Amino acid sequence: MLTPTQQVGLILQYLKTRILDIYTPEQRAGIEKSEDWRQFSRRMDTHFPKLMNELDSVYGNNEALLPMLEMLLAQAWQSYSQRSASLKNIDIERENNPDWILSNKQVGGVCYVDLFAGDLKGLKDKIHYFQELGLTYLHLMPLFKCPEGKSDGGYAVSSYRDVNPALGTIGDLREVIAALHEAGISAVVDFIFNHTSNEHEWAQRCAAGDPLFDNFYYIFPDRRMPDQYDRTLREIFPDQHPGGFSQLEDGRWVWTTFNSFQWDLNYSNPWVFRAMAGEMMFLANLGVDILRMDAVAFIWKQMGTSCENLPQAHALIRAFNAVMRIAAPAVFFKSEAIVHPDQVVQYIGQDECQIGYNPLQMALLWNTLATREVNLLHQALTYRHNLPEHTAWVNYVRSHDDIGWTFADEDAAYLGISGYDHRQFLNRFFVNRFDGSFARGVPFQYNPNTGDCRVSGTSAALAGLAQNDPHAVSRIKLLYSIALSTGGLPLIYLGDEVGTPNDDGWVQDSNKSDDSRWAHRPRYNEALYAQRNDPSTAAGQIYQGLRHMIAVRQSNPRFDGGRLVTFNTNNKHIIGYIRNNALLAFGNFSEYPQTVTAHTLQAMPFKAHDLIGGKTVSLNQDLTLQPYQVMWLEIA
């Protein structure tokens with residue numbers, strides 16, 4: 001009797017044979033001698049067992065698994081053989097250096113193409129600015145074809161192979177990516193794989209009863225099954241879309257976790273996996289370096305559960321990862337999981353998503369500004385920051401999305417804080433419903449049944465710049481100093497670097513007025529960017545401060561990697577941590593001067609050089625930080 005390993009080996013050899021069966025003997029002989037086949041075959045030998053094991057754990061009893069694999073790997077070979085020589089070189093470079101993303105040189109930016117540059121041709125003209133800022137990674141927010149009007153900001157995709165016509169063409173995107181690569185900038189796009197728009201060809205053909213697309217989505221004849229599922233589902237957008245299902249014109253019901261125009265894909269059908277892997281390979285061959293894996297928590301459904309963070313979801317992502325290791329190993333995955341911190345980290349791994357958003361740190365940065373106390377942030381950095389090797393956090397301050405207060409209730413309780421009550425405070429503080437608040441945020445998706453609410457707003461609005469608070473600029477620089485120095489890949493939400501305010505016009509737009517997140521999705525502010533080199537302006541102070549910190553980070557290997565050790569400052573207002581046993585970082589979250597005592601610093605060297613201030617400071621005496629001051633001290 002064959003062992004499982006032997007069985008997988010036989011399947012692998014069978015599939016390799018089937019890939020080559022379409023060729024004539026002469027063609028086959030040539031292919032088998034080629035460098036392309038040698039590399040592809042080597043990668044299949046390494047990664048097919050992982051792919052097979054993950055898919056078997058999901059589809060093991062499905063008779064379609066083997067024929068699906070046969071078609072998938074034939075497609076993977078075609079995709080790899082058509083991959084450009086330059087991309088194949090990057091494949092090899094990143095196989096040999098999986099820590100490329102952890103370099104101190106890496107600094108990211110993210111923007112909507114239309115809002116920042118008008119279209120793809122306009123974005124290409126902005127590359128010189130991205131280089132000026134120091135970016136090595138650029139995330140282009142959803143730019144694929146989507147419904148006109150409401151499209152969840154582009155997250156309802158009607159075609160993964162067509163760019164939104166208002167932005168340009170696939171050819172334009174290919175040119176932009178090539179130009180970014182020429183400038184030393186990696187290209188990042190969203191891979192929205194939990195759902196498509198209701199206008200996607202697959203959705204239209206599934207709804208029409210096309211047998212080739214049968215069961216591509218969850219469509220039910222009546223409410224019996226949806227009612228059973230809804231009992232345990234969380235409402236994501238309760239204001240505009242209560243429940244998890246939407247009714248079609250013919251009376252049937254379709255699963256729509258997010259919005260009625262976003263239909264959830266049915267991954268219990270293995271052909272859906274194969275179809276989405278094909279879209280992934282298409283994007284990889286455009287030159288995309290990183291895929292932001294959208295809504296990873298939701299892709300598997302199971303009756304009686306929350307349909308979030310299920311084991312099959314992880315297995316499917318690892319299977320997608322294995323496909324990329326075979327067909328386009330240069331491509332990395334970035335997880336987007338805004339869930340409990342215990343679950344966020346489970347999506348990050350070399351075989352799953354190599355990098356992932358750090359929503360806990362983001363939320364706690366704003367929490368610490370509001371409370372002026374670093375206890376929750378210190379706790380998170382101590383116990384939840386360090387990741388497995390070859391993986392990294394994406395550390396951000398703001399994004400296109402709302403702020404959810406994602407700290408764990410049990411973490412808060414350990415510090416004597418009621419999670420529920422503290423979230424209520426934070427919501428009131430950041431929407432200016434709390435005495436003494438400097439913030440001017442906007443509430444998002446208040447749920448009266450649970451009391452849950454999130455917050456919208458740009459960094460400038462939330463930090464107090466809108467009302468010219470004298471500390472607003474320093475607050476913004478402080479938050480970005482943490483993102484730049486805690487380890488991992490820092491990400492700038494473009495516009496933040498010049499203090500762009502909220503766009504109050506969202507309430508007058510019928511396609512946006514029910515979604516306050518549009519408040520922090522403003523257009524490129526030409527006047528503010530024109531001020532970026534003028535230190536007499538807030539825009540200039542923020543920009544020059546961030547640009548200086550980026551330059552320091554990129555010139556100093558002490559910022560390499562992703563791990564840190566927290567340093568107890570014995571001052572509830574000052575956060576402290578050590579990077580690579582060589583850099584001691586301090587940040588004062590108070591509007592008053594704060595001190596780290598000489599006694600607290602007694603294990604440190606007598607003197608240290610402050611990389612931000614450019615001065616030598618004494619550590620054998622009390623060290624005072626001015627309001628919202630940051631210090632990056634070389635201690636070795």
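In case you wondered, yes, glycine gets a Cβ from its N, Cα and C as well.
Quick look at what Swiss-Prot annotates:
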- Asp152, His195, Gln262, Arg292, His400, Asp401, Arg517: substrate binding site (BINDING)
- Asp294: active site, nucleophile (ACT_SITE)
- Glu336: active site, proton donor (ACT_SITE)
- Asp452: site 'Transition state stabilizer' (SITE)
Nearest by Cα to the residue listed as 'active site, proton donor', of the binding-site residues Asp152, Gln262, Arg292, Asp401, Arg517, is Arg292
The rounded CA-CA distance in Å from Arg517 (substrate binding site) to the residue listed as 'active site, nucleophile' is 17
Greatest Cα separation in angstrom, residues Asp152, His195, Gln262, Arg292, His400, Asp401, Arg517 binding substrate per the record, works out to 20
The rounded CA-CA distance in Å from Asp294 (active site, nucleophile) to Gln262 (substrate binding site) is 13
Across every protein chain in view, the count of C-beta atoms other than its own within 10 A of the C-beta of Arg292 (substrate binding site) is 24
Filtered by Cβ under 8 Å and at least 6 apart in sequence, the residues in the chain of Gln262 (substrate binding site) near it are Asp152, Tyr155, Ala156, His195, Thr196, Ser197, Asn198, Thr256
Reduced DSSP state (H/G/I helix, E/B strand, rest coil) at His195 (substrate binding site) is strand
By a three-class reduction of DSSP, Asp401 (substrate binding site) is assigned coil
Listed in sequence order, the residues of the same chain lying six or more positions from His400 (substrate binding site) whose CB sits under 8 Å from its CB are Val110, Tyr112, Met141, Gly153, Tyr493, Arg517, His520, Arg521
